[in-house]
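Asks: One structure, pasted below without further comment.
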Amino acid sequence: MMREFLKMHGLGNDFVVIDARREPYAPSEAEVRAIADRRTGVGCDQFIVLNPAVTPGVSGFMRIHNADGSEVSACGNASRCVGWLLMEEAGADRARFETNAGVLEATRGPAGTVTVDMGPARLAWNEIPLAGPADTLRLDVEHGGFAGPVAVSMGNPHAVFFVDDAEAVPLAEVGPALEHHAAFPERTNVEFATVLSPTRIRMRVWERGAGITQACGSGACATAVAAIRRGLTARKADVVLDGGTLTIEWLENGHVLMTGPVAHSFTGRLSAGLGGT
Ligand SMILES: N[C@@H](CCC[C@H](N)C(=O)O)C(=O)O
């Protein structure tokens with residue numbers, strides 16, 4: 001197999017992106033793991049395949065695979081990257097594309113940034129999903145001294161812990177157990193957040209299927225929504241991640257807007273062994 005790919009990233013959360021709109025490509029879990037491997041493959045947090053659109057009026061169907069091979073329904077940083085690619089391709093300031101979670105719309109933001117309407121935040125226990133009925137504003141989940149996260153779905157599950165000092169959280173120690181906690185039948189992404197002001201949040205992430213990443217767009221959306229639900233911030237706030245800052249706004253109609261940068265690092269080819277050249 002020889003396929004051209006783009007290496008892109010949003011705030012250091014990096015992707016291998018394949019355009020499969022003309023030539024189909026459905027990777028197996030093992031192929032994704034081989035491509036994502038940073039020692040022997042190209043290396044990435046998520047592997048993105050842009051397929052032909054299913055819904056009329058949209059430009060493509062984005063399928064998202066975590067580094068561990070699992071397929072998921074949302075990725076905020078990759079949505080900005082794919083939105084930017086589609087806008088560039090069409091010479092337009094707006095692009096619509098779909099994911100397993102629904103149709104998303106990207107627009108050009110200030111200073112080369114991209115804004116994506118990530119759709120509605122989902123807050124009901126069965127939309128996260130959780131193992132059973134629960135108050136998503138304060139879950140009965142505890143591990144390693146951290147307790148009571150807010151659960152939010154942005155098309156993918158998030159558990160947001162508010163802490164005094166996000167920098168001090170031993171992410172690599174507590175992340176795996178929380179990702180696999182029995183409360184989350186589909187596992188979860190885990191965020192630790194410190195509210196710095198009503199318009200600024202510091203957040204670090206342990207991503208389901210990828211571990212610690214520099215940034216998680218859907219996690220930033222979930223964190224802002226969780227902070228607003230707890231009455232901690234305004235409806236628009238900057239979320240400061242290890243890789244940089246995203247601006248998140250939770251609209252009155254329930255949709256979440258995410259604005260941030262996009263970067264294109266290089267183009268390569270996947271060789272038969274799925275390493276890059
Ligand atoms: N990095 C992403 C999220 C990717 C998917 C996530 N790990 C999951 O399993 O749901 C983002 O920017 O949102």
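Here the Cβ of each residue, glycine as well, is placed from N, Cα and C on the backbone.
Pulled from TrEMBL, these are the listed features:
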- ASN13, GLN46, ASN66, GLY76, ASN77, ASN156, ASN189, GLU207, ARG208, GLY217, SER218: substrate binding site (BINDING)
- CYS75: active site, proton donor (ACT_SITE)
- CYS75: active site (ACT_SITE)
- CYS216: active site, proton acceptor (ACT_SITE)
Asks: Could you tally the C-beta atoms, other than its own, that fall within 10 angstroms of the C-beta of CYS75 (active site, proton donor)?
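Replies: CYS75 (active site, proton donor): 30 neighbouring Cβ atoms within 10 Å.
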Asks: Using DSSP and collapsing to three states, where does ARG208 (substrate binding site) fall: helix, strand or coil?
Replies: coil
Asks: Taking the mean position of the Cβ atoms of ASN13, GLN46, ASN66, GLY76, ASN77, ASN156, ASN189, GLU207, ARG208, GLY217, SER218 as the substrate site, which residues outside that list, in the same chain, have a Cβ no more than 8 Å away, listed in sequence order?
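Replies: Along the chain, the qualifying residues are ASP45, ILE64, VAL72, ALA74, CYS75, ALA78, VAL205, ALA210, THR213, CYS216, GLY219.
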Asks: Quick one: of the recorded positions ASN13, ASN189, ARG208, CYS216, which has its CA closest to the CA of the residue listed as 'active site, proton donor'?
Replies: CYS216
Asks: Of all the Cα pairs drawn from ASN13, GLN46, ASN66, GLY76, ASN77, ASN156, ASN189, GLU207, ARG208, GLY217, SER218, the residues the record ties to substrate, which distance is largest, in Å?
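Replies: Comparing all Cα pairs, the maximum is 16 Å.
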Asks: List, in sequence order, the same-chain residues at least six positions removed whose CB sits under 8 Å from that of ASN66 (substrate binding site)?
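Replies: In sequence order, the residues whose Cβ lies under 8 Å from that of ASN66 (substrate binding site) (at least 6 apart) are VAL32, ALA36, ASP45, GLN46, PHE47, VAL72, GLU207, ARG208, GLY209, ALA210.
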